[in-house]
Each structure stands twice: as structure tokens, then as C-alpha cells.
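Q: Handing you a structure now.
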């Protein structure tokens, strides 16, 4: 799995130019999800553009995520088969459980645990059948991972979570490392509505100046320096290219990685929060 990946959202945008600008600059991984509702557009575009760039299916790493509305044995399998059909591929490189909870259930509902366990068992079967190459999770905290490791026959390959200098979970990252789970960072720039909080952070701006790069390049480099892979996302083709080039050109040292982290009592989470979810 490559360290720099392309996160895709928005059907209209994907239909027009996502695969072209992504494949054109060398992104090897395409990350989508059932709830993004763009899988069929990605599938159509890839069928048109892979021949253009002489890219084979095995040259790509395609990830999608099980929607919270499809948790459980009743819906999991069919939703994955639907994703394969929409993407026009014979297998997924990686399937993630998008969220440890289930749509329309409260965070404290014990059914959350039962249904995600059912989903995992079905995903294990799909992997054994060759329809999925690897399985993992997203937005799982340590308690969710501990529960999964007790039940799983096939261990999760990935935990994809929000991570940036304003939201850093050392205990979660260490747990993943100790158990052979790759930690993949999303929302490296914060959320769409709150990204200016990171971009205006004086410590981060000073570090970007030190490395003679843009703030977004430093934020990607910050994650890569810790062995994470990243999922930069942009609706601007020039920004997509810049993300790829910029992230390749800087190497952030560990002292600077630590210097920009907020203190534990100052941390800010911008995206989904699984805290308290049973």
C-alpha cells in the first residue's frame, strides 16, 4: 500500500476529473466508501482512463468502506457485491468497516458490538473467497480493537482514523503498532469547515517556513514521518498534484513532529467521534 493516497468524495467531481488527475500524478490508491455514493462514477472513469495511462488493475489499490447502514450479516455481503459491481472490478484490495456503530442506533446500544462482529465474520468469508484482499476498520478506538482481536480469525490490516497535530492519539497509534495494524491518517488538514484552524496555527506555519514548504505539505510530511499513510483530498486538480509532489519532497524530523502537537488537554477533534460508542 502506498503512503500517499487519493481520497474521493462527490459524484459529480469524480465523474469529471478525479481518476485522471489522480492517476496522472502517480497516486496508487483510490479510497472511497459506500456512503460517498460515487463508486459507480469511479468504476466508469477507471474503465475509460486505465487504458489511457496503460495502468493494469494490479497497479491500483482500491479501498471502499462498509456503510454504517450495512452493518451485520443481513446487509454486509450484498453491499460489498454491489460495490464491486459499481466499481467494475473483480476484487477489492481493502474493505474497511467505516464506523464501529450502526445507523439509527445510539452510541450506548449493545447491538453496535454484535452487528460489527457479524460484519467482520462476513468480511472474513469474503476475503477467503478472494473477493477482498485485505480487511480493516476505520474510526476504531482501542476498546473496539481489543474486542475485535478477541473475536477475529483474520486480524485487521488497517485502522483509518482522523489524525493531525491537533488530534493525535498516542495510545491508539501504539496499540495499532504493537498489534501489526497499519495506522492510516485521514483529514490531515482538518475537516472542510475547520481546516483553517490547522492552517492558521502559528507553530505549524513556522514549521512550514522552516522546511520551505506549504502548510499542507508539512501536515502530510508530519504524518508520513511517523510511518502513517495519508489520504489527501482536494477538489482542485492543481492542489491534487501539489499534494503529491510536496509530500514527496520533505522529511520532517521527529523533534518537529512533536513540537507542533497540541497538549492533551488542548486537543481538537474535527470529524466523527467514536468515544463512548459501545
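Backbone N, Cα and C atoms are what each Cβ position is placed from, and that goes for glycine too.
Annotations for this protein, taken from TrEMBL, read as follows:
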| type | residues | note |
| --- | --- | --- |
| ACT_SITE | 36 | active site, proton donor |
| BINDING | 98 | substrate binding site |
| DOMAIN | 23-261 | domain 'NADP-dependent oxidoreductase' |
| SITE | 65 | site 'Lowers pKa of active site Tyr' |
Q: Between residue 36 (active site, proton donor) and residue 98 (substrate binding site), find the distance joining the two CA atoms and give it rounded to the nearest Å.
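A: Residue 36 (active site, proton donor) to residue 98 (substrate binding site), Cα-Cα distance: 11 Å.
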Q: Between the Cα atoms of residue 65 (site 'Lowers pKa of active site Tyr') and residue 98 (substrate binding site), find the distance and write it as a whole number of Å.
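A: With the alpha carbons as reference points, the distance is 5 Å.
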Q: On the three-state reduction of DSSP, what should I expect for residue 65 (site 'Lowers pKa of active site Tyr')?
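A: Strand, per DSSP.
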Q: Using DSSP and collapsing to three states, where does residue 98 (substrate binding site) fall: helix, strand or coil?
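A: In three-state terms, residue 98 (substrate binding site) counts as coil.
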Q: Long-range same-chain neighbours of residue 98 (substrate binding site), Cβ under 8 Å, sequence gap at least 6?
A: 33, 34, 35, 65, 66, 67, 68, 138, 139
Q: How does the model score the domain 'NADP-dependent oxidoreductase' (23-261) in terms of mean pLDDT?
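A: Mean pLDDT across the domain 'NADP-dependent oxidoreductase' (23-261) comes out at 93.
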Q: Measure the Cβ-based neighbour count of residue 36 (active site, proton donor), defined as the other Cβ atoms within 10 Å of its Cβ.
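A: I get 20 for this one.
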Q: Give the number of CB atoms, excluding that of residue 65 (site 'Lowers pKa of active site Tyr') itself, located within 10 Å of its CB.
A: 24
